[in-house]
Amino acid sequence: MTEILDRQRARDIRVDTSSAGRRIGDAFAHITPNWFATVMGTGIVATSAISVAGQLQTVQVLATAIWLLAVVLLVLVSVAFAAHWLRHPVHARHYAMDPVMVQFYGAIPMALLTVGAGTITVGSSTLGSETAVTVDAVLWSVGTLTGLGTAIGVPYLMMTRHHRRTDLVALPAWLMPVVPPMVSATTGALLVDHVPAGQWRLGFLALCYMLFGLSLFLGIFTLTLIYGRLLRGGVPTGSAAPTIWITLGVIGQSVTAANSLAAHADNALAGRTGQHVIGMGLIDVGVCYGLAATGLGAGMFVLATAVTVHNVRRSMPFALTWWSFTFPIGTCVTGLAALGTALQSTMFRGAAVVLFAVLLVVWALVFARTVAAVLGGRLPAAA
């Protein structure tokens, strides 16, 4: 694929008449959608911090600083990605049609949704509650629509354009386009109480549960394919090794969604017959599902850790794929925190705090390596 892109390079940059113009243009040649993973991975640190210890002033300050960094990253990456399409349309189209890279278009809606969630949970004190809700509502709407586009559009593209490829195998990256509706369900829970009471609020809650179901079942189908392929074909190696952590994303996010939506269901059902019975039923479902999924998540966490250690001992060079460590771990933090709140369990809350500490260290390492790679000219690089 890189050879094809290189052959088209002259055509893409011929509008630049100076060497400086060419250098600037080249900087955008390989701003692929997986760059939005930097926004996802940074934003989830802020929201995770609030979920485990939002009442502490120090944590609030830390979360605000990291959320602001995520906002800056979202703006920078969005502008760079737009420039990538405008200045290098041939590169952009080739990347969009590549059966692996197209999966990472799911990172775009998840970046929007993550920053939106941070705006309402972290940014309210900075922007004001009303402004924060408005910004989150806009980001949620755009993120949900584009997320539905990737959840349906990418599988459709694979069925109609890539199905004849004999070299295609199920990869953890296949989960990227189908997880966004689950993120919409989770972050939508934050908006339920701000939707006008009555049918609008009830309808919005129902929509979030439908998004939860869409992503959950697509995720289960995809996880089954990935697990089978890993058993028969071996684990990802080299710079692709961190992508095995993507399998944790849908698990942790689904636990967060199930319990977060249930926590807000009572308000959406207000005034209806059996309100409290239905509300308590949804809480029970969220807890039961959360416990079962957490068991699966714990197993996958251990497996992903073992695979990572296996590859580190051989060779796992730094690449953007290292951001696969961050967002999935963050969803496990929020999932444990939501489950701990629903159960009033200090055990789950404590586990969330410990895992958040791990997330913070991992994020700091990956962020520092990314900055060093960009400053050193190793990134952006051809995928």
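Yeah, the Cβs are placed from backbone N, Cα and C, and that goes for glycine too.
Residues or ranges marked as transmembrane segment in TrEMBL: 35-56 (among others). Note on the transmembrane segment (35-56): residues 62-64, 66-67, 69-70, 73-74, 77, 80-81, 104, 107-108, 110-111, 114-115, 117-118, 121-122, 320, 323-327, 330-331, 333-334, 337-338, 349, 352-353, 356, 359-360, 363, 366-367, 370, 380 of its chain, located 6 or more positions outside it, place their CB under 8 angstroms from a CB of the stretch.
The annotation transmembrane segment is assigned in TrEMBL to 62-83 (among others).
Marked as transmembrane segment by TrEMBL: 104-125 (among others).
For 137-157 (among others), the entry in TrEMBL reads transmembrane segment.
Per TrEMBL, transmembrane segment is recorded for 169-192 (among others).
Residues annotated as transmembrane segment in TrEMBL: 204-227 (among others).
According to TrEMBL, the transmembrane segment annotation covers 282-307 (among others). Outside the transmembrane segment (282-307), and at least 6 residues removed from its termini, the chain residues within Cβ reach (under 8 Å) are 235-236, 241, 244-245, 247-248, 251-252, 254-255, 258-259, 261-263, 265, 332, 335-336, 338-339, 342-343.
What TrEMBL lists as transmembrane segment is 319-339 (among others).
For 351-375 (among others), the entry in TrEMBL reads transmembrane segment.
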- Query: Of the listed stretches (104-125, 137-157, 169-192, 351-375), which one yields the highest count of Cβ-Cβ distances below 8 Å with the transmembrane segment (319-339)?
  - Reply: 351-375
- Item | Stretch of maximal Cβ-Cβ contact with the transmembrane segment (62-83) [cut-off: under 8 Å; candidates 104-125, 137-157, 351-375] | 104-125
